[in-house]
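K.L.:
In case it helps, TrEMBL gives these features for our protein:
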type	residues	note
SIGNAL	1-17	signal peptide
DOMAIN	21-124	domain 'Gnk2-homologous'
DOMAIN	130-239	domain 'Gnk2-homologous'
REGION	245-277	region 'Disordered'
COMPBIAS	246-260	compositional bias 'Pro residues'
TRANSMEM	285-308	transmembrane segment
């Protein structure tokens, strides 16, 4: 009984977390459509194909349907450490929520923690796009005693991951690693681009995203910048799975990374204590055998706790 109660509480907590997007944009200046119009039917065709088993290539979904001004283009991207089942579930949920929340806009984008989904009436495949963007950061500040040292460690880690992701080929542009920072703490980071970008497009997108760090995360123990074409995140404390779905041995040849650039003027910041990021969903739940009423109270408490633990965020739109 105790195990069953634990499973119900954890699954409820995960469901609550997934139904609340990190952020979404219903883009009003790209045109609107009406219910049952040709554009609406084309969009529904793409969404139904996704839910009915359309191919998702190693966490990446791309589809176009229709003609001329009523053609719909859609892209979905799962975080590189997501398995195929979780990826499909996340994209289906994102697509459904996005159309419901943006019922008339021809262009819209939504991010969950583990996936992104967007659609538009213009071609978006192979285009490096930097906005709209989302900034999120850890609530805890960096110790001033180690700030410069930590900034240097973080910069080295992110730039190395950028080069690795940009060289990732056409199936996946994703890199993850950790490093030892001041006071023997461990800093974890991931970077990712949509794999339809060229190597230089991914490199430039991430370099620009690193440059946004002073706008959101300077002096913080963790943070992330999320753009349509790329994103990155760093934290003190592991927040990702260590392994990703393996690529086939016949995957596209790896492109060499672009030469190092001195244009990254960001001042990345993180913390010096091994404290979990506020932006992490807690995975620790204390279970006590209780009567039914207390169990309901426990479920509500978990839901409220997850909502309170949402990271502070700043957004910038077109």
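Glycine too: its Cβ is placed from the backbone N, Cα and C atoms.
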K.L.:
Using DSSP, break the domain 'Gnk2-homologous' (21-124) down into helix, strand and coil residues and give each count.
P.N.:
35 helix, 37 strand, 32 coil
K.L.:
With DSSP, how much of the domain 'Gnk2-homologous' (130-239) is helix, how much strand and how much coil, in residues?
P.N.:
42 helix, 34 strand, 34 coil
